[in-house]
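A.B. asks: Please read through the structure below; I'll follow up with questions.
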Amino acid sequence: MNTSFQNTTGLELYAYNVTEISQWIISARLMRLIGVPIIVIIGLVGNTLSLLVFCTRSMKCSSCSVFLAALAAADSTFIIGVLLTYVNDNLHAILTTDLSCQFLIFITYSASFLSVWFIVGFTCERYIAIRFPLKRAIMCSVGREKIVVLVFTLFACFLYNFSFWTTIASASDDKIQCTYRVEYFGFLHVATWIDTCIAMVIPFLTITCVNSLVVRRLLVSTKKTAALRRSRSENQKAEMQPSLRLSSHRRYKDGQSVGMGRTKVSILYSTSPQLRVTRNLLCISLTFLCLNLPSYVIRLYSLISAEVTTNHSVSSEIYFVHELAQMLYYATFGCNFFIYTLLGRNFKRSLMLIIRCKSTVHDERKRVLSKLLAVHRSNTSSL
């Protein structure tokens with residue numbers, strides 16, 4: 001009995017058959033049967049909540065909010081495509097016409113492309129914010145982010161419109177499956193390699209390189225800040241007369257230091273939010289890299305194998321590894337909500353307001369007033 005790799009992210013040009021049925025095959029099918037519904041439910045709920053949070057008034061103007069809202073929408077679209085395929089294969093045949101198959105292939109290709117390039121977008125935005133902090137407000141404004149998202153979306157629609165004239169619904173083994181027109185096999189072969197490069201290889205390498213630069217820049221900045229603080233502290237101690245050190249130390253503790261205390265506090269509060277945002281976005285991109293790497297390696301292996309050999313039979317162990325990599329790949333589109341919840345302070349605050357059906361505007365005003373009151377008290381106490 002033969003079985004083949006299942007793929008819901010696009011057309012499978014080459015069928016890799018497994019000739020024996022073993023515990024690995026049964027485990028792989030059971031993993032897909034149970035894993036896909038769990039990922040779909042968690043992903044749709046999490047991405048919907050994320051989209052609602054990033055569209056609130058308090059989060060609209062925050063850093064990378066446009067990219068993150070667009071990422072949640074793209075991930076939800078891809079998960080819907082996975083759900084349609086799962087229902088068609090296991091519950092009820094719904095992909096029975098050419099148009100339904102064409103639309104499914106189009107949205108899965110486009111959503112997968114947009115998801116990875118939105119991650120590239122906010123990764124580059126973070127590097128610009130750290131490397132050129134004075135130009136961040138101009139180069140990385142909300143309006144520019146919207147333009148980038150629109151350009152990516154239009155490019156994806158143009159790039160993957162070939163699915164509407166290369167995909168058909170074909171009857172096979174008493175089932176109707178989405179497949180490709182035989183006369184376009186050569187074109188689709190080239191399109192598959194192009195998609196692999198622009199939706200996998202190039203973004204993967206870009207995210208890896210930019211993240212390395214971001215981490216390096218953060219380490220250098222942290223070392224410089226620590227060295228500057230030590231130098232200022234040592235200079236201050238050296239300039240003070242021995243008889244005045246004790247009284248000056250007491251005044252510093254009471255908040256009456258003229259410049260140093262305020263400078264350190266202002267630096268801390270101005271950089272801390274940006275560092276938190278950078279940390280959160282680094283976690284998202286690193287999670288993406290880890291979960292996608294197995295699937296990318298297997299896809300490249302399959303494409304290269306198809307070029308050098310005509311024997312497409314694989315062992316049951318390889319089949320299991322392929323299915324496991326696919327589950328990790330699907331999980332990429334539904335795990336960002338947990339990162340936002342665990343690490344995002346403002347995200348959690350806005351999420352709780354949405355759950356409690358309260359206005360985020362009132363909470364934002366309350367938070368700003370409390371900050372102003374705290375600054376006023378600090379200024380009056382130092383006078």
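Glycine residues also receive a Cβ, built from the backbone N, Cα and C atoms like all the rest.
Okay, so TrEMBL annotates it like this:
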{"type": "TRANSMEM", "residues": "34-54", "note": "transmembrane segment"}
{"type": "DOMAIN", "residues": "46-340", "note": "domain 'G-protein coupled receptors family 1 profile'"}
{"type": "TRANSMEM", "residues": "66-86", "note": "transmembrane segment"}
{"type": "TRANSMEM", "residues": "106-128", "note": "transmembrane segment"}
{"type": "TRANSMEM", "residues": "148-170", "note": "transmembrane segment"}
{"type": "TRANSMEM", "residues": "190-214", "note": "transmembrane segment"}
{"type": "TRANSMEM", "residues": "281-304", "note": "transmembrane segment"}
{"type": "TRANSMEM", "residues": "324-343", "note": "transmembrane segment"}
A.B. asks: Examine the transmembrane segment (281-304) against the transmembrane segment (106-128) and state whether at least 3 Cβ pairs sit under 8 A, considering only residue pairs 6 or more apart.
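C.D. replies: Contact between the transmembrane segment (281-304) and the transmembrane segment (106-128): present.
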A.B. asks: Counting CB pairs under 8 Å, which listed stretch among 34-54, 106-128, 148-170 touches the transmembrane segment (66-86) the most?
C.D. replies: 34-54
A.B. asks: I'm checking region-level scores; what's the whole-number mean pLDDT for the domain 'G-protein coupled receptors family 1 profile' (46-340)?
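C.D. replies: Averaging the confidence scores along the domain 'G-protein coupled receptors family 1 profile' (46-340) gives 82.
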A.B. asks: Out of 106-128, 148-170, 190-214, 324-343, what stretch is closest in contact terms to the transmembrane segment (34-54), meaning most Cβ pairs under 8 angstroms?
C.D. replies: 324-343
A.B. asks: Counting only residues 6 or more past its boundaries, what in the same chain has a CB within less than 8 Å of a CB in the transmembrane segment (190-214)?
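C.D. replies: Long-range Cβ neighbours of the transmembrane segment (190-214): 10-11, 13, 109, 112-113, 116-117, 119-120, 123-124, 126-127, 130-131, 159, 162, 278, 282, 285-286, 288-289, 292-293, 296, 299-300, 303.
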